[in-house]
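**Q** Sharing a structure with you now.
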Amino acid sequence: MASCFSMTCVFLAFLVVASSLGHVVSSPLLSDSGDRQRANHTKDIQKLKLRRINAYMNKINKPAFKTIQSPDGDVIDCVLSHLQPAFDHPALQGQKPHFVQEDPPEKPKGYKYTEAVAESESFQLWADSGESCPEGTVPIRRTRQKDILRASSITRYGRRHVRRDSTGSGHEHAVAFVKEDEYYGAKASLNVWAPRVSNKYEFSLSQIWVISGSFGNDLNTIEAGWQVSPELYGDNNPRFFTYWTTDAYRATGCYNLLCSGFIQTNNKVAIGAAISPTSSYNGRQFDIGLMVWKDPKHGNWWLELGSGILVGYWPAILFSHLRSHANMIQFGGEIVNSRSSSGGLHTSTLMGSGHFAQQSFGKAAYFRNLQRVDWDNNLLPITNFRLLADHSNCYDITQGRNNLWGTYFYYGGPGRNVRCP
C-alpha cells in the first residue's frame, strides 16, 4: 500500500480519532439520558397505577359512621346500610326502596335451631375488640392500597380466576354434590381450620356452592364458606367469605362486598373478616352452620350463619338462571395448585385440616347435616349425593350417615406427598 503524507490523509486520520474520542466521551451521557427517561417513564406508570388504585378505593370504601380496629390488623368500617356497595349496581341504583326486602325471609319448613346464636355472633376476631357497629349500619372490612397491590391487576382484585380443568395446573376439589333436579337452597355445618397455603397465588377454601346454568359462560353461582387466601387478605387466617357470578367468573360478581350486588342486613358479621377460634388436630372442633336459600315470597337468595343470623341476600335480579332455581348444589373443599411456582411439583397447600378423610373426627375436616330446600320450601336431608376427588392421592373424601350428624363426609389432604408428587 502506498504511503500517505497528504493533508487529506492527515485530515481523515484526525476525523477517525476524533470520532472515536467523541464516542467514548458521549456514550455515557446518552446512556444517562436514556436511564433518566426510563426511570421517569416508570415513575409515571407508578403514579398512574396509584391514581387508579386510589380511585377504586374511593369507590369501594364507603364513608364510615364508625371505625373499629381489629386485633389482626383489619380495619372495620361501620357503613350506613343505604350507602353499602350493593347499591352501586346498575340494576339497584336509584331503586333501593323497591329492591330492599324489609320483611324477613320465610324460613324453610323443617328448620330446627341447633346452635347458640350468641356463640355464632362472636366468632370473628374484630368482635374481640369489644366494639360493635350500631343498628342501621353494616360492618365492612376496609380495602387498603396494599390489598390491591397484591392482586395481578385492579380489574382482577376481589375476583376469582376463570375456572380451569382440574386435570392441569389449576383448581382441585374434594366435594359432594347433587344435580339433575330443582334446588331452592342448601344447608350444612362445617368445621373451620387454618390450612397452610404454599404461596400467595394459591388458596384453600371450604364452602357451599349453589349452581345453575351450564359450565360454559352462562354459569351462575352463589358461594359461602371459609377460606385462606394470602393474595386477597395478606395473611393466613381463615375468613368467612361469599362469592357470586352470573358468567362463569368472567366479568360479574366478586368476593364479599368488593363489588356491588350482595345486600348485607346484619350489623354484627363482617364478610371477609377472620374467624376465631379454629379447630385443632386431636383437640376442640369449631364449626359454623351455613344456609343459602331462596325466599319463596320475594325470590331473593338469603344467607344465614349459625342459627338464625341473617347476614343478607343476593337479589334475584342479579342472576339469569338462578333467578328461577339451582340445578346443582355442592359442598366441600377447593385449592389452587400452581405447579409453575413449585418446579413442576404438586403444591403442598393443605385442604381442610391437611389430613386425609380416613383420619375422621378430630383430625380430618368435615361437613355434617347436609340438607337441601325443595320447590315447596321444605328442608330435606340429602341422601343420594355423589363424591368427587379430582386427585384422590392428594386430597380425598369419604361419606357417612348417623342419627346425630345425618348425612356427612370427611375430606381434605396434604397435597404433595409420596403418592402425589
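Note that Cβ sites are derived from N, Cα and C of the backbone, with glycine treated the same way.
Sharing the record's features from TrEMBL:
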COMPBIAS  99-109  compositional bias 'Basic and acidic residues'
DOMAIN    165-421  domain 'Neprosin PEP catalytic'
REGION    91-110  region 'Disordered'
SIGNAL    1-22  signal peptide
**Q** Would you mind listing the long-range same-chain contacts of the compositional bias 'Basic and acidic residues' (99-109), meaning Cβ under 8 Å and 6+ residues beyond its ends?
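**A** The answer is 91-92, 185, 187, 263, 291, 293, 295-298, 300, 302, 310, 313, 315, 317, 373, 376-379.
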**Q** Based on DSSP, tally up the residues of the compositional bias 'Basic and acidic residues' (99-109) by helix, strand and coil.
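**A** Each residue of the compositional bias 'Basic and acidic residues' (99-109) counted once, the result is 1 helix, 1 strand, 9 coil.
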**Q** What is the average pLDDT across the domain 'Neprosin PEP catalytic' (165-421)?
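**A** A mean pLDDT of 95 is what the model gives the domain 'Neprosin PEP catalytic' (165-421).
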